[in-house]
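Contents: one structure, followed by commentary.
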Amino acid sequence: MMRIYIESLGCAKNQVDSEILLTYALENGYERTENAEDADVIVVNTCGFIESAKEESINTFFSLHELNPKARIIMAGCLAERYGRDMDLKEADAIFGNKDLSLFPEVLNGKEKLLIPSEPNESVERDDRKVLLGYPGSAYLKISEGCNHRCSYCAIPVIRGDLRSRPMDKVLAEAKRLIESGVYEINVVAQDLGAYGTDYGGPSRFVELMDKLSSLEGNFVLRMLYIHPDTFPEGLIELAAERKKILPYFDIPFQHADEKVLRLMKRTGNREKYLALLERIRKALPDAVIRTTIMLGFPEEDRKAFDEVKRFVEEARFDWMGSFLYSREEDTPAFDMRGEEEHEKAQAKAKRWQKELEKIQERITSENLNRFVGHEYTALVEDRIEGEDLAIGRIYSEAPDVDGLTVIMGRGMKSGDVVRVGITRVRGIDLEGVKID
C-alpha cells in the first residue's frame with residue numbers, strides 16, 4: 001500500500017483542508033504515515049498569508065524533499081493557490097490549489113502536474129473527515145471559506161476568494177459526526193465567524209448557527225475562534241451567557257487602536273468602541289477570556305499611534321495577545337502605501353515596539369492567570385508524560401496551539417480524557433493543577 005505524509009502549515013482552516021486531503025488519499029488506497037522518510041508521497045499544505053509564512057512554506061518544502069528525494073512531493077495550499085501558475089519549481093511533482101479539494105485524487109495519482117481551478121466548487125465539499133490532525137478529543141469545524149472584508153493589508157480575499165458560507169445543515173451534520181466520534185472540544189473557525197450567512201443577502205446567521213450547535217446532544221463544548229470586531233454579531237454575548245456549551249472565550253483580532261491607522265487598514269472601529277465591546281462581554285460573562293492580535297509597522301504608524309496601542313492594551317487587559325509585523329503584500333491596497341526601502345526602515349522600528357508591547361502583555365497575562373488559582377475547571381487532556389503521574393491539558397481559557405497549557409498531576413490519564421482539575425499555581429503562561437477524582 002502506498003504511504004502518504006502531509007505537513008500542514010499555517011492556520012486552523014488549512015488544517016481542516018489537510019484532513020480533507022488525507023481523507024481523499026485514504027479513499028484512493030493510500031495509508032497515512034507520520035514519518036516523511038517512509039512516505040511514497042509527501043504533501044506540503046502551505047501558507048501564503050505573509051512573508052514569514054511564505055518563507056516557512058518554501059523552506060519546509062525543500063527540507064522534506066531533501067529528507068526523502070525518492071518520494072513524489074506535492075505543493076498544495078495557499079502558497080500554491082497564490083503563486084502556483086508562476087512558479088518554476090522543478091522539484092515539485094505537482095502543484096495543487098485549494099479552491100476544489102475534490103480534484104486532489106487527480107494530482108495524487110499523477111494525472112495532473114498543475115491543478116489550480118479558477119472557481120470554487122462547494123457542491124463536492126466534505127463533511128466526513130476520516131482523519132483529524134489535532135490532539136484526541138479536539139477538532140476544528142470550518143463554517144465558511146473566504147472573506148468579504150477588504151482590510152487593506154490582507155491577502156486572504158486574493159487567496160481564498162469572497163465569503164462562501166457552508167449550508168447550516170451541512171455544518172450541523174458535521175458537528176454531529178464529530179460529537180459521535182468522541183470529540184469534546186469543537187473549535188468553530190472561519191476567516192470571520194461573525195460574517196457567517198451574510199453572503200446569502202441578509203444579516204449574520206452566526207448566532208442562529210451557534211444556537212443550533214449548542215442545542216445538539218452530547219458531551220461537548222464549542223470554542224469560537226476569530227470574530228471581526230467591527231461586525232461583532234448582535235445577540236452573541238447573550239447567547240454565550242445562556243449556553244454552558246459555548247465557552248466564554250472570544251478571539252477578537254483588533255489589530256490596532258489608533259483611528260488613523262485603523263482607517264488606513266480599512267477598519268471602522270476605534271479604541272473607545274473596542275473597549276466598550278470588551279466591557280459588554282465582561283459584564284455579561286465575568287469569566288470571559290479574550291484573545292486578540294495586534295499588527296505593528298503598518299504605513300503611517302508613528303510613535304503617537306504606537307502609544308495609543310500601548311494605552312489600549314493596558315486598558316483592555318487581554319488574557320492573550322499575539323503580535324506580528326505588517327507584511328507588504330502584493331495585490332493588496334496597502335502595498336503601494338510605501339516603497340520597499342521605507343518599509344525596511346519601518347520594520348526595524350516596529351520590531352523594537354513589538355518587544356515593548358509584548359513585555360506589557362506578558363505582565364498582564366501573568367496577572368490575569370492568577371484568577372484561576374484555587375478554582376476547579378474541566379480540562380481536556382492532550383498528552384500524558386511517560387513515567388510520571390503528569391499530563392498536559394487545557395481548560396476553557398486555553399485554545400489549542402496558541403495559548404498556555406495546564407500541567408495536571410494525577411494518575412490514570414490519557415490523551416482525549418476529560419477530567420476535573422483544581423488549579424494550584426501559575427508558572428509563566430501555564431497553569432498547574434491536581435486531578436480531582
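Every residue, even glycine, has its Cβ placed from backbone N, Cα and C.
TrEMBL annotations:
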| type | residues | note |
| --- | --- | --- |
| BINDING | CYS11, CYS47, CYS78 | [4Fe-4S] cluster 1 binding site |
| BINDING | CYS147, CYS151, CYS154 | [4Fe-4S] cluster 2 binding site |
| COILED | 343-370 | coiled coil |
| DOMAIN | 2-113 | domain 'MTTase N-terminal' |
| DOMAIN | 133-363 | domain 'Radical SAM core' |
| DOMAIN | 370-437 | domain 'TRAM' |
Taking 8 Å from the centroid of the Cβ atoms of CYS147, CYS151, CYS154 as the cut-off, which other residues in that chain fall inside it around the [4Fe-4S] cluster 2 site?
HIS149, ARG150, TYR153, ALA155, ILE156, PRO157, GLN191
Roughly how many angstrom lie between the C-alpha atoms of CYS151 ([4Fe-4S] cluster 2 binding site) and CYS11 ([4Fe-4S] cluster 1 binding site)?
18
Please give me the CB contact count at 10 A for CYS154 ([4Fe-4S] cluster 2 binding site), counting all chains in the structure.
22
Beyond the flanks of the coiled coil (343-370) by at least 6 residues, Cβ under 8 Å:
294, 296-297, 299, 301, 306, 309-310, 313-314, 317-321, 323, 325-326, 328, 404, 426, 428-429, 431
Note down the number of other Cβ atoms within 10 Å of the Cβ of CYS78 ([4Fe-4S] cluster 1 binding site), including every protein chain shown.
28
Given a separation of at least six residues and a C-beta threshold under 8 Å, show me what packs close to CYS147 ([4Fe-4S] cluster 2 binding site) in the same chain.
CYS154, ILE156, PRO157, ARG160, ASP162, LEU163, GLN191, ASP192, ALA195
When you average the Cβ positions of CYS11, CYS47, CYS78 for the [4Fe-4S] cluster 1 site, which other residues in that chain have a Cβ within 8 Å of that mean position?
LEU9, GLY10, LYS13, ASN14, THR46, GLY48, PHE49, ALA53, GLY77, LEU79, ILE159
Neighbour tally for CYS47 ([4Fe-4S] cluster 1 binding site), based on other Cβ positions within 10 Å of its Cβ:
21
